[in-house]
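The carbamoyl phosphate binding site annotation in Swiss-Prot covers Ser52, Thr53, Arg54, Thr55, Gln79, Arg103, His130, Pro131, Cys132, Gln133, Cys262, Leu263, Arg290. The feature L-ornithine binding site is assigned by Swiss-Prot to Asn161, Asp222, Ser226, Met227, with sequence analysis given as support.
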Amino acid sequence: MARHFLSLHDYTKEELDRLLALAIELKQEQKQGGEHHLLKGKTLAMIFDKSSTRTRISFEVGIYQLGGHGLFISTGTSQMGRGEPLKDTARVLSRYCDGIMIRTFGQEIVDELAAYATVPVINGLTDLFHPCQIMADVMTVMEHKGGYAGLKFAWVGDGNNMANTWIEAAAIFGFDLALACPQGYEPDAKVMAWAAERAPGRVTLTADPKEAVSGAHVINTDVWASMGMEAEQKVREQAFGGFCLDDALAGLAHPDHIVLHCLPAHRGEEISDSVIEGSNSRVWDEAENRLHAQKAIMATLMGGE
């Protein structure tokens, strides 16, 4: 039976640590000019319900560097856009391809695809979770902090898919996470409850960004209005007043803190230009590490590494 990568909570800490170690190894090999055709001749179907820059490019380049081929599929120009049942698509793609990555809206779409696919399914993003991005983020922290143990992580902004997945990561890896979200924009209640049961006291939630950021070693933020929420932009701008990660807020963190943002960034809204361009920013390393983290996931699921 194929193993999927749908959310972090499907994996143990040890399994995720092995994926991170492989990602770091693959990155080092690439930097030294080495090749690792671990998926030679294999094809990854890449289904996109949402527009994409980093997800598409990092998966397409990644499968190529592993010796395979990425096949881009837009739901709008395929039979999925005309109502073909997802379970039929899953079965057919499983006959043609060796793995499926999907970037979509509802988590239930990814779950249904995985239920009927006989090849690995990778969650490239849903409205609930963004596991590939968090693996890249944790990898970035390991590179710049030597690990994640004993660090305080802070999240400032919307309780979106990134926040939900950081909550999972904190509970699984065992680090402290302080989230600051405006009232009414908190993370998913079920995810919070799961983390509270899995790792009591590791995850805290406040409406005060200063409280969350104080003493933090890692600060993370994201856009206030995710894709599909554009109509809420003006309302959210009002609700998120005081939640911009600017120099004053970042100054409350540990002096040697690092700043992460999954991109795209709306400078002057959730993060200031000076912070994202500042000496504590590791945003570009983070973006690069999407490539390496996803290569490790693909190599493990599709190649049995």
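Even glycines carry a Cβ here, placed using N, Cα and C.
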Nonlocal residues around Met227 (L-ornithine binding site), in sequence order (Cβ under 8 Å, 6 or more apart): Lys50, Ser51
Rounded Cα-Cα span from Arg54 (carbamoyl phosphate binding site) to Asp222 (L-ornithine binding site), Å: 15
Alpha-carbon spacing, Gln79 (carbamoyl phosphate binding site) to Asn161 (L-ornithine binding site), which is rounded to whole Å: 28
Neighbour count (Cβ, 10 Å) for Asn161 (L-ornithine binding site): 25
Separation of alpha carbons, Ser52 (carbamoyl phosphate binding site) and Ser226 (L-ornithine binding site) (Å): 13
Cα-to-Cα gap, Cys262 (carbamoyl phosphate binding site) vs Asn161 (L-ornithine binding site), nearest whole Å: 11
Inter-residue Cα distance where the pair is Asn161 (L-ornithine binding site) and Arg290 (carbamoyl phosphate binding site), in Å: 16
CB-centroid shell, 8 A cutoff, L-ornithine site Asn161, Asp222, Ser226, Met227, site residues removed: Leu125, Asp127, His130, Asp158, Asn160, Met162, Val223, Met229
Shortest C-alpha distance to Asn161 (L-ornithine binding site) - which of the binding-site residues Ser52, Arg54, His130, Cys132: His130
Site diameter for L-ornithine, Å, by largest Cα distance between Asn161, Asp222, Ser226, Met227: 12
Least surrounded among the binding-site residues, given as Arg54, Arg290, when other CB atoms within 10 Å are counted: Arg54
Site extent for carbamoyl phosphate (largest Cα pair distance over Ser52, Thr53, Arg54, Thr55, Gln79, Arg103, His130, Pro131, Cys132, Gln133, Cys262, Leu263, Arg290, Å): 31
For His130 (carbamoyl phosphate binding site): intrachain residues, at least 6 apart, with Cβ closer than 8 Å: Asn123, Asn161, Met162, Thr165, Cys262
Chain-internal residues, separated by at least six, CB under 8 A from Ser52 (carbamoyl phosphate binding site): Arg103, Gly124
